[in-house]
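Per TrEMBL, the features are as follows:
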BINDING   483, 510, 512  Mg(2+) binding site
DOMAIN    42-147  domain 'Thiamine pyrophosphate enzyme N-terminal TPP-binding'
DOMAIN    240-356  domain 'Thiamine pyrophosphate enzyme central'
DOMAIN    452-577  domain 'Thiamine pyrophosphate enzyme TPP-binding'
């Protein structure tokens, strides 16, 4: 079993998931570590080296007076690149995107004004189970406990406000004000982030990164995480109960959930799909985790806005195995799923629940799915997929556009579909891009990311920056971003140019917050129109490789795509797509009305 640290399972997150069983953090036995000079025996160097060791090559940062000395150590570390961002929120989003590509990400900001700015992005990473190491430069160690009032605070001598804000959205927090145990605190924080697959907070007093200390006189001993192991008896009991439950079913199905990433169980899920013969679907937030080229893949299960014929097969099944699901109001389309608990096997990263029966704890998803595949191979059941094939009618293509006809969104996504290869990755912004991108059929190897649980508009700009850095040129990214979302975080297009990235951004200009319109309309959903290509040209300012285009019809779109994938393939390409304000997917119309109904439920009188 892999117990190293680094990208695994196709650039998915590193951690084994939610804690259910104790996992030890241990140092590997190794030859005597090499001694280092006194000038190198510092906390800053130690933390920088640990980041490199766990797979971080880029740290996204915004400088401030409390973190400047620490940033010097990041710059000095071989194998580590400091990526300066335009604001802390985008630095956090970039670390989120980087963690999706590499398995772990990191950002560095200054005390309170930087920390509270990055907090929203860290909360998003927490909700999406991403290990992000958030490093904050804190006040001088001599100022703690002195009753002094410092700048970058709210004017109180208590410096713990930032720490208290980070506690609910990180799985571990350390404040380093002395060097005696600093190496232990750093190592424990990083290990916890990887083990829990959640963000951690590390605050370092601004006068400590460059101070020599005996604990750093030798190179750090390499470390790793002991793998989480299933309880053998619990695993066996869960398998027996599940096999008995599924073998009684006539038309069982399998549905992949987003926590497959946390559990590193995507390959095991595919193995079970092949062995069992079941029809396979994914929840929307799991798109990209499971190959859509599996023989019995039937699409995205998203209740009333599912892929055509997918919901009918899933909800009519007499047994369904959900691997790593998250059921919330968005994923359930306003709590309108037609699922029954007694028909479900729910497999979470560390436990299995069978119908209305018992829950088996300390059972790791990866182990469970792999062992279940072995036991189902002689009990193949393709009934659900056979039924799907009987009712399936291929989807049609959008009507042909007349010459010069205003561009429709469905025509845009018809052409984006043609662009996808195994060397692509799609970043979908919160909004109607959720629904349109869900309908894309991903070739093998094509990545896909969006932020469904937290749903913070503007996330995709920073995440695109971070994912592209993490992918290190292995993939060309295609981002679909609405105009309202882009206005929140547009500045870091400049950082993409500084990093010589070659992504393609489709900016959908429809004049407002379309997803909000379909939930509850009002004048607040209309935004000021920008000259988006002009803005990006101004950011470009002749430095770096950038190409922009504004398209209003299909002929202009096809010409722009041909240029972006041809002679401008080595450029950051920004294509503004002008569409009608009411041009939305039918899925958003349905989803918006159901979420609106859920939001507007009257108070319970009891």
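Each residue, glycine too, has its Cβ placed from N, Cα and C.
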Local Cβ density at residue 483 (Mg(2+) binding site) - other Cβ atoms counted within 10 Å: 25
Residues flanking the Mg(2+) site, with Cβ no more than 8 Å from the Cβ centroid of 483, 510, 512 and excluding those residues themselves: 482, 484, 508, 509, 511, 513, 514, 527, 581
Cβ neighbour count within 10 Å of residue 512 (Mg(2+) binding site): 20
The domain 'Thiamine pyrophosphate enzyme N-terminal TPP-binding' (42-147) - residue tally per DSSP class, helix then strand then coil: 51 helix, 22 strand, 33 coil
Helix, strand and coil totals (DSSP H, G, I; E, B; other) for the domain 'Thiamine pyrophosphate enzyme TPP-binding' (452-577): 59 helix, 28 strand, 39 coil
Cβ packing number for residue 510 (Mg(2+) binding site), 10 Å threshold: 22
The domain 'Thiamine pyrophosphate enzyme N-terminal TPP-binding' (42-147) [mean pLDDT, rounded to integer]: 96
Secondary structure tally of the domain 'Thiamine pyrophosphate enzyme central' (240-356) (DSSP, helix then strand then coil): 38 helix, 25 strand, 54 coil
